[in-house]
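Q: Below you'll find the structure I mean.
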Amino acid sequence: MPAVVVVGAQWGDEGKGKATDQLGSRVDYVVKFNGGNNAGHTVVIGDEKYALHLLPSGILTPDVTPVIGNGVVVDLEVLFEELRDLNTRGVDTSRLQISAGAHLIPPYNRTLDKVTERFLGKRQIGTTGRGIGPTYADKMSRVGIRVQDLFDEKILREKVEGALTLKNQILVKVYNRRAVTIDETVDALLEYADRVRPMVVDTSLVLNQALDRGETVLFEAGQATMLDVDHGTYPFVTSSSATAAGACTGSGIGPTRIDRVIGVIKAYTTRVGEGPFPTELDGDDGEYLRKTGGEYGVTTGRARRTGWYDAVIARYASRVNGLTDFVLTKLDVLTGLEKVPVAVAYDVDGERFDEMPPDQSAFHHATPIYEYLDGWWEDITHARTFDDLPVNAQRYVEHLESVSGTRISAIGVGPDREATIPRYDLLSG
């Protein structure tokens with residue numbers, strides 16, 4: 001059975017949670033391999049809506065083992081808040097496994113994240129202020145705190161002391177904040193040690209053994225391709241690897257283990273925070289997409305920026321991830337439009353780019369070149385086969401498939417769990 005990676009193919013909020021939830025009933029493990037609680041995904045089951053930020057969406061599916069990999073940064077307070085909320089709603093969370101190598105978000109990094117963003121003013125990146133970036137910076141600077149450190153107070157105290165030597169200088173002398181004490185930080189972290197201990201495993205070993213047994217493992221990316229620290233619109237990106245490659249480094253499996261890579265992509269485009277966005281709409285069309293699509297962040301509540309479908313980005317995401325399939329979401333949001341534009345290339349100072357411009361400056365100044373397709377007015381939320389869709393909706397999907405270069409294997413036509421049209425089997429190909 002396969003290892004399948006699910007990634008966002010735009011700037012996030014594409015509906016990865018729904019896609020992984022759809023596959024979840026057919027897999028044995030669902031693994032979150034990057035990011036933290038800086039992104040959220042919503043899963044609707046019947047009348048219940050679940051907004052998850054740190055936990056893998058597989059936790060909602062009985063008999064599936066949800067895993068938090070070593071590439072994730074964990075806020076323990078948020079972790080246990082989410083677990084408590086799910087428990088009160090009758091969800092069994094006892095199967096959760098967490099990598100001993102995952103890094104922890106200490107309280108001082110949340111503080112640093114918020115004050116740094118305010119300090120940057122107009123140059124701010126648009127972070128969520130949850131300490132994600134500073135914690136990944138600690139990881140790369142080799143002053144980070146890992147889950148396994150909770151079980152040796154001496155090591156934990158030494159690591160906190162080492163980190164605070166510099167961080168207190170910044171807090172006090174740059175931001176005019178009070179110094180953080182070693183004791184308050186250690187106490188805040190140790191509060192969770194006994195509760196988290198039963199969940200901690202060597203996730204690399206667990207996942208490789210599962211694949212050896214022929215079980216199916218699904219890896220879900222946080223954020224998205226265009227927010228990837230290497231391949232996204234740098235510096236307006238997240239701090240982790242949000243492409244398919246991150247599934248390997250963030251969980252401890254080798255690249256030859258991966259069988260399929262699925263990109264989740266909206267029928268239009270959205271973005272939260274700062275950074276370039278070639279197809280962005282500022283007028284009535286943008287507001288229509290925002291209101292009809294409910295485009296407000298699960299984690300922040302911020303209104304998302306909206307724009308038309310961008311095939312240049314879709315082709316780029318397919319290339320850097322090695323996509324085998326697209327899952328197209330929110331097709332129903334486009335119902336009622338007379339014409340639906342699709343960006344197929346960019347114009348940059350009179351030069352046409354059919355692929356992503358090689359430098360960030362050109363991308364900032366890119367003007368989309370559109371093709372226009374006829375819209376449809378029929379309600380498609382109850383469509384369950386491709387033939388149930390209006391002819392113009394079918395043509396739109398087929399056109400996106402053609403200009404994006406990767407087959408569309410499933411189509412989302414509403415928020416409900418069942419509101420999905422399968423075209424090809426995502427697990428077997």
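Placed from the backbone N, Cα and C atoms, the Cβ positions cover glycine too.
Copied straight from Swiss-Prot:
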ACT_SITE  Asp13  active site, proton acceptor
ACT_SITE  His41  active site, proton donor
BINDING   12-18, 40-42, Arg304, 330-332, 412-414  GTP binding site
BINDING   Asp13, Gly40  Mg(2+) binding site
BINDING   Asp13, Glu14, Gly15, Lys16, Asn38, Ala39, Gly40, His41, Thr128, Arg142, Gln223, Thr238, Arg302  IMP binding site
BINDING   Val298, Thr299, Thr300, Gly301, Arg302, Ala303, Arg304  substrate binding site
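Buried or exposed, and what's around them? Tell me for each listed feature.
A: DSSP gives Asp13 (active site, proton acceptor) a coil state; it is part of no helix or strand. Note on Asp13 (active site, proton acceptor): other Cβ atoms within 10 Å of its Cβ, all shown chains, come to 29.
The Cβ of His41 (active site, proton donor) has 27 neighbouring Cβ atoms from other residues within 10 Å, across all protein chains displayed.
Long-range Cβ neighbours of Leu331 (GTP binding site) (same chain, at least 6 residues apart, Cβ-Cβ under 8 Å): Ala267, Ile380, Leu389, Ala393, Tyr396, Val397, Ile411, Gly412, Val413.
Taken residue by residue with DSSP, His41 (active site, proton donor) is part of a strand.
The local packing around Arg302 (IMP binding site), expressed as other Cβ atoms within 10 Å of its Cβ over all shown chains, amounts to 13.
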Q: For Asp13 (active site, proton acceptor) and His41 (active site, proton donor), what Cα-Cα distance in Å is obtained after rounding to a whole number?
A: 7
Q: At 10 angstroms around each C-beta, which of the binding-site residues Gly15, Gly301 has the fewest other C-beta atoms nearby?
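A: If we count Cβ atoms within 10 Å for the binding-site residues Gly15, Gly301, the smallest count is at Gly301.
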Q: Among Lys18, Arg304, the binding-site residues in question, whose Cβ has the most other Cβ atoms within 10 Å in this structure?
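A: When each Cβ's neighbours within 10 Å are tallied, Lys18 tops the list.
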Q: Do me a favour and check the Cα-Cα span between Gly301 (substrate binding site) and Gln223 (IMP binding site); whole Å is fine.
A: 16
